[in-house]
Amino acid sequence: MSDVQVHQLYIHGRYVEATSGKTFNSINPANGEIIATLQQASEQDIEAAVKSAQQGQKIWAAMTAMERSRILRRAVDILRERNDELARLETLDTGKAYSETSTVDIVTGADVLEYYAGLATAIQGEQVPLRESSFFYTRREPLGVVAGIGAWNYPIQIALWKSAPALAAGNAMIFKPSETTPLTALKLAEIYTEAGLPDGVFNVVQGAGREIGQWLTEHPVIEKISFTGGVETGKKVMASAAGSTLKEVTMELGGKSPLIICEDADLNRAADIAVMANFFSSGQVCTNGTRVFVPKSLLVDFEKAVVERVKRIRIGDPMAEDTNFGPLTSFPHMEKVLSFIESGKQQGAKVLIGGGRATEGELAKGAYVLPTVFSDCTDQMAIVQEEIFGPVMSILSYETEEEVIQRANDTTFGLAAGVVTQDISRAHRIIHQIEAGICWINTWGESPAEMPVGGYKQSGVGRENGLTTLGHYTRIKSIQVELGDYQSIF
C-alpha cells in the first residue's frame, strides 16, 4: 500500500486536499490489485468547486470564441501526444484491452474535442426585420456552470463528450467521474490546465455517486446536468434536477438494442457484426446489440458462424498487445453478469459457447467472464429483457418482417438498433419503424463526433455529439430594437 499514489480533488487548476477525510481505492480488475487511492469530495468541497467554476466561467466566457477554440485545440494536441500513456492508465483502471484504449478511447474523445473546438466560432444568433423601423436579434449565451456525471465504461471519452460542447459554448464544468474508474478524468483536468484553460473551468470531484450526484443536481448555481449511467439512477438524477431549480438535463441511459439479420444478409458479414456488437469492450457498451434476431432459415448457419468467431477472441492480460478481450471493469459487476448467465440457463436458454467465469491460469485473479452466446431464447427471458452490460448475446429466431419489427420495439429501451441486409429499400423500411435513437445499417457501433447520439423512450433525454448538442449548452436571448417613435396607448 505504501507505493500506491493518493489522488486529491482537482479544483481551480490544481490538486487540493479533500475535506471529507474519506478515501476509496481504484482496483485493477485484471488482478484485483489496488492501483490508486482517491480522496472523496465532501459537500464543502462541492461548494468550493462551484465557486471556482463561477469565477473561471466569467473569464472563459469573456474570451473571444477564437481564443477559446485555440485553447481547446491545444488540449487536443496534448491528448494525442499522450495517447499511449493515457491508454495504459485507462486499461489499468477499466480492464479494457490496451489494443482498444490506445486506438479508440482517447482517439475518439480527442476527435470530439477537436470537432467542438472548431465549432466554438460558429455559435451565433440571428437578426430578423419586423418592419422598416424595428427588428429583433438573438444571442446564444452560455448557461454558466454545468455538471457532468460520468459512467465507468468509457471514462475519458465520456468526460470529453460532456466537456467539449460545454466548454466550446463558454461554460464551466464540474465533472464527477465514476468512483470505479476515476483516474483519467483527473489527467484530463491537468491537460486542460496545461492547454491554457482558466482555473475553475474544468473541476473534477470524485467520490460516492449517490452523495456527490445529489449535491450537484440540487445545487442552485448549476444550470445543467449531463448524466451517463443506468435508467433507475438517471430517473433519480432527473427528478432531483427538476425538483431543485428546473435544471436542463441530458440523459444517456441504458439499452437492450436489437440487431436484425435479414434473410438476404451476407452470413459472414452478419456474424462479424453480431460479434462486434456484443463483445467489443468485453460487452460493456451501452449500445450493444444484445438481442440478435435471425430468420429461422438462417439460424443454424448463423449460430455456427458466430461460435467460430467467438472462439477466435483473444482473452488475456489487457496490457498485452494481442489481447482483444479483457476483464469486466469490477468484481461486483462480474458477479451481476454471472447471475444473468445463470438466469438464462435456468430459464431454458441454450449456451452455445462460454457461459461462465474465465478461470484458467492468471485469468482466475481477474474479473473475467467468458464471451457467452445463448440460443433458444424467448422475449420473456431476463437475459433478453434486461440490460446486462456484459459479454452476453441472445439469439432469437423470427419468421416475418412485421413480427421482428414489433418484437424489436417491445422494450422500454430505445437506444440503438441495426439491420443487416443487401436490400437497401428493406433496410430503410425497417429502420424507419424501429424506435431507437442511434441506428446502423450493415455496420455497428461507430459514433463519430459529427453524429448526434442518444435514445428514445427510457434510454435517454437529449443528445451528445453533433451540431445540435452545442445548442443545448447555450440559452437564447431575444432583443427587439425600435428605431422609430414609440406610441403609448396611455
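These residue numbers are counts, starting from 1, taken along the chain as shown.
Glycine too: its Cβ is placed from the backbone N, Cα and C atoms.
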Per Swiss-Prot, member of Asp77, Asp84, Asp93, Asp105 binding K(+) 1 alongside Ser26, Ile27: Asp93
Same-site residue for NAD(+) (record: Swiss-Prot; known: Gly150, Ala151, Trp152, Lys176, Pro177, Ser178, Glu179, Gly230, Val231, Glu232, Thr233, Gly254, Glu387; options: Cys286, Cys439): Cys286
Cβ packing number for Gly150 (NAD(+) binding site), 10 Å threshold: 29
Residues flanking the K(+) 1 site, with Cβ no more than 8 Å from the Cβ centroid of Ser26, Ile27, Asp93 and excluding those residues themselves: Asn25, Asn28, Pro29, Ile34, Ile35, Ala36, Leu92, Thr94, Thr180, Thr181, Pro182, Leu183
All-chain count of other Cβ atoms within 10 Å of Ser26 (K(+) 1 binding site): 22
Euclidean distance between Cα atoms of Glu248 (site 'Seems to be a necessary countercharge to the potassium cations') and Val231 (NAD(+) binding site), Å: 17
Using Cα positions only, nearest of the recorded positions to Ser26 (K(+) 1 binding site) (Trp152, Lys162, Leu246, Lys457, Glu464): Trp152
Glu464 (active site, charge relay system) and Lys162 (active site, charge relay system), Cα-Cα, nearest whole angstrom: 7
